[in-house]
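Copied over from TrEMBL:
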BINDING   E66, L88, D89, G90, T91, D213  substrate binding site
BINDING   E66, D86, L88, D89, D213  Mg(2+) 1 binding site
BINDING   D86, D89, D213  Mg(2+) 2 binding site
Amino acid sequence: MFQIPIEEILKTLNEASNAILEIYNQDFQVLTKKDYSPLTQADKASQEIIADFLAEHTPDIPLISEEDDLPEWNERQHWEYFWLLDPLDGTKEFIDKNGEFTINLALIQKDNPVLGFIQVPALQCVYWAEKGKGAFKREKGGITQKIQGRKNIAPHERIAAVSRSHASMEDKKALDKYQIKHIILAGSSLKFCFLAEGKADFYYRHNPTMEWDTAAGQILVEEAGGKVLDEKNQPLIYNKPNLLNGSFYCKMF
């Protein structure tokens, strides 16, 4: 694979994170994502910083973002590589001010993620993974560590990461299927991070998501030793005609 400036991307994500926090730390109330709401301002600030960087440093790689119009399928289907970006994942978490929102960025080759970043602004940390090279976490202060999910955990000791905002009855069925009694609530892509660093062992998502919600998390979990699979027990694929994901689950066992 061609050289991607990972350290420069990490700096850029931190810059976008700081831009989000400047808005997040203000005293505001917002109920909808209107053009001039703090939520929209934060979205756009993050998007602009990251998109400008990618356009300068990887000009030959297209970008698909939640904030942009989706290119036509007859154009996209021939792409070898492209970036997937959600500049602010966790709308409800941002509004509720619980800190559980993220920036998601992934590089896709054909239909598989090969590089992914999840920046957590409120915690001032970032997770990332590169195919074949492992998963990593860098905390505030610049300390980087390689991370790995838990292995060989007895069913009664397994912990499920459950969506704080999108839990469903189907989630409970999935937990029962795998005899999981313990849960940890989290918003946005933090659930993938929890699996990758050994805080949880399972995550099921019944409600629909978009590709930019899962790509970075998928490569992170996979490189930490886990799997992200659809209802047919196949890895999620990307650059589909409508970018919509069906139900999926992540597990480290």
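Cβ atoms here come from the backbone N, Cα and C positions, even for glycine.
Each residue in E66, L88, G90, T102, N104, S188, S189, T209, M210, W212, T214 lies on the same chain as D86, D89, D213 and has a C-beta within 8 Å of the C-beta centroid of that Mg(2+) 2 site, without being one of the site residues. Rounded to a whole number, the distance between the Cα atoms of D86 (Mg(2+) 1 binding site) and D213 (substrate binding site) is 7 Å. Counted within 10 Å of its Cβ, the other Cβ atoms near D213 (substrate binding site) come to 22, all protein chains included.
Note: the CA-CA distance between D86 (Mg(2+) 1 binding site) and E66 (substrate binding site) rounds to 6 Å. Note on D86 (Mg(2+) 1 binding site): other Cβ atoms within 10 Å of its Cβ, all shown chains, come to 27. In sequence order, I20, L39, A42, D43, S46, F94, F101, I103 are the residues near L88 (substrate binding site), counting only same-chain partners six or more apart with C-beta under 8 A. In the three-state DSSP scheme, D213 (substrate binding site) falls into the helix class. Excluding the listed site residues E66, L88, D89, G90, T91, D213, the same chain places D86, P87, F101, T102, N104, S188, W212 with Cβ atoms within 8 Å of the centre of the substrate site Cβ atoms. Under the DSSP three-state reduction, T91 (substrate binding site) is assigned to helix. Counting every protein chain shown, 19 other Cβ atoms lie within 10 Å of the Cβ of E66 (substrate binding site).
Each of the binding-site residues D89, G90, T91 was scored by how many other Cβ atoms lie within 10 Å of its Cβ, and the smallest score goes to T91.
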